[in-house]
Amino acid sequence: MLSLTIFLPLITALVVLILPRSRPFLIRWVALAGAVLTFAAALGLLAGFDTGRPGLQWRTRLPWIPPVNAAYDVGVNGFSLALILLTAWLLVTVMVYVLRNDNRPKGHAALFLLMATGLLGVFAAQDLLLFYLFFEVGLVPMYFIIGIWGHDNRRYAAMKFFLYTRAASLAMLLSFLALYLLMEPHTFSLPAIIEAQPLAQAGGAGGWVMLGMLIGFGVKLPTVPLHNWLPDAHVEAPTEGSVMLAGIQLKMGAYGLLAIMLPIMPQVVFDYAWLLLALALVSLVYGSLAALAQQDLKRLIAYTSINHMGYIMLAGALAVLAPTAGTQELALNGGIYQIISHGLLTGGMFFAVGMIQDQTGTREMGRLRGLSRQASAFSLLTGVLVFGSLGLPGLSGFIGEFQVLGAAVSWNLWIAGVALVALVITTGLYLRIVISVLWGEPRTGTGAMKEPEGRKLAVMGSLVMLSLWLGLLPAGLLGVIQETVRSLAAG
């Protein structure tokens, strides 16, 4: 079932490629059907998942490259299953959103479906070489999506995205190769490496291996100062590209940080936790201040992603620095919850900005006002997404931030104070969106905002409902991830 979930988008992409170009409507519906089937398969994984059982489930291991002892090895724990469900649902929302887009639909749909297979594979791979392959498959299609379907400066943004992510991938691969060589017998098996802890006796080599992974995952997270590619990529990407970029691709970095780097080298991470802590705090403060200075809504949301991903880095640092297992678990619970919540809320925000730009012709806050008087249902959904992003209780954003901040408070009040300052700044900038864009009298000089099509409102509504569900009933997701969190906290 897991392999079917991973490769259903790829199979659908191959079907799409043999369909005639003269049938764009058919192409879009086939792509949507493939996305829906992928989500249904992911729900099947959830239905058969035992939340009380530690370790991997739905595991398949087959020989792949015997000379280097690499295997097709996939399996899921609670953390990876949650990300697979998020990926599958966001793929459905994207396919619904572009259902009537006839701009090169064959290549467009095939690239998104190929990317989905890469992303799903990343979260399931239990072999580091297989992880690297899926990592690349998840990234390369975005280069073409930005470069072909993006906005005016798309080629520059696509090249910048490609160069940053390729350099990061190579740094990560070097670390994987070092781990392979340190293992006896040589293997890329992630469970075997975690069990053997080859870096425990590696001396100074451990710091270099961690650095390679930190660059690889830090660029994708992204963390300051490895973030420079992100604002340009978001601004120039088409709406659906930004949704997948923020909603899922950034999560590859977060997943790598918490589910690969941390368990492979807990002692090395502890030795360099000050670095993670510094990167987290700088990202929190810089992301919020940079967002506050923006007028372009897309660029603003891009910078808030840097801020939100700072909580993930902070959770990773607290997972090794906090003095008690309970505090470590609290930080990890919050970090994972923040990952899922950010995917829903920020994905929804990028959908909203795309609809605003399509109808008004602008993303500049100074030229937008009073949208609630023109499109009340759209504005209500956008408002909920905004308040969820600032951490309002009752929505998913609150649960993750509250847990990470709670862990920070229990460990060090000064660290918690810096994070709270960043939270206050982000609260102000999100309220600015509500006051400047949604409230007041509509401005003249821009296109009128009408209610978007029903399917687009349904896309936003689904993400709002999921955020409400996770905000009001957090026990569901926390139950799925609990055994994974305990395992990670135990080191």
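Glycine is treated like the rest: Cβ placed from N, Cα and C.
Worth saying up front: this structure is predicted, and the values here are computed from it rather than measured.
Some features that TrEMBL has for this protein:
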- 6-22: transmembrane segment (TRANSMEM)
- 29-49: transmembrane segment (TRANSMEM)
- 79-99: transmembrane segment (TRANSMEM)
- 108-125: transmembrane segment (TRANSMEM)
- 125-426: domain 'NADH:quinone oxidoreductase/Mrp antiporter transmembrane' (DOMAIN)
- 131-149: transmembrane segment (TRANSMEM)
- 161-182: transmembrane segment (TRANSMEM)
- 202-222: transmembrane segment (TRANSMEM)
- 243-266: transmembrane segment (TRANSMEM)
- 300-323: transmembrane segment (TRANSMEM)
- 335-356: transmembrane segment (TRANSMEM)
- 411-439: transmembrane segment (TRANSMEM)
- 459-481: transmembrane segment (TRANSMEM)
Q) With an 8 Å cut-off on Cβ pairs and a sequence gap of 6 or more, do the transmembrane segment (335-356) and the transmembrane segment (79-99) reach 3 or more such pairs? A) yes
Q | Residues of the parent chain within Cβ reach of the transmembrane segment (411-439), under 8 Å, 6 or more residues beyond its termini | A | 277, 281, 284-285, 287-289, 291-292, 297, 300, 304, 307, 310-311, 314, 318, 321-323, 327, 356, 365-366, 368-372, 379, 382-383, 386-387, 389-391, 401, 404-405
Q: Compare 79-99, 108-125, 243-266 by their Cβ pairs under 8 Å to the transmembrane segment (6-22) and return the stretch that comes out on top.
A: 108-125
Q. Excluding the flanking five residues on each side, which residues at least 6 beyond the ends of the transmembrane segment (243-266) place their CB within less than 8 Å of a CB in that stretch?
A. 77, 79-80, 83, 86-87, 90-91, 93-94, 97, 112, 115, 119, 122-123, 128, 131, 135, 138-139, 142, 172, 179, 190, 193-194, 197, 199, 206, 209-210, 213-214, 216-222, 233-234, 237, 301-302, 305, 309, 312-313, 315-316, 319-320, 332, 335-336, 339, 342-344, 346-347, 350-351, 484, 487-488, 491
Q | Beyond the flanks of the transmembrane segment (79-99) by at least 6 residues, Cβ under 8 Å | A | 5, 9, 28-29, 31-32, 35-36, 38-39, 41-43, 45-46, 49, 105, 108-109, 112-113, 116, 119-120, 123-124, 239-240, 243-244, 247-248, 251, 255, 258-259, 336, 339-340, 343-344, 347, 351, 354, 455-456, 458-459, 462-463, 466, 477, 480-481, 484-485
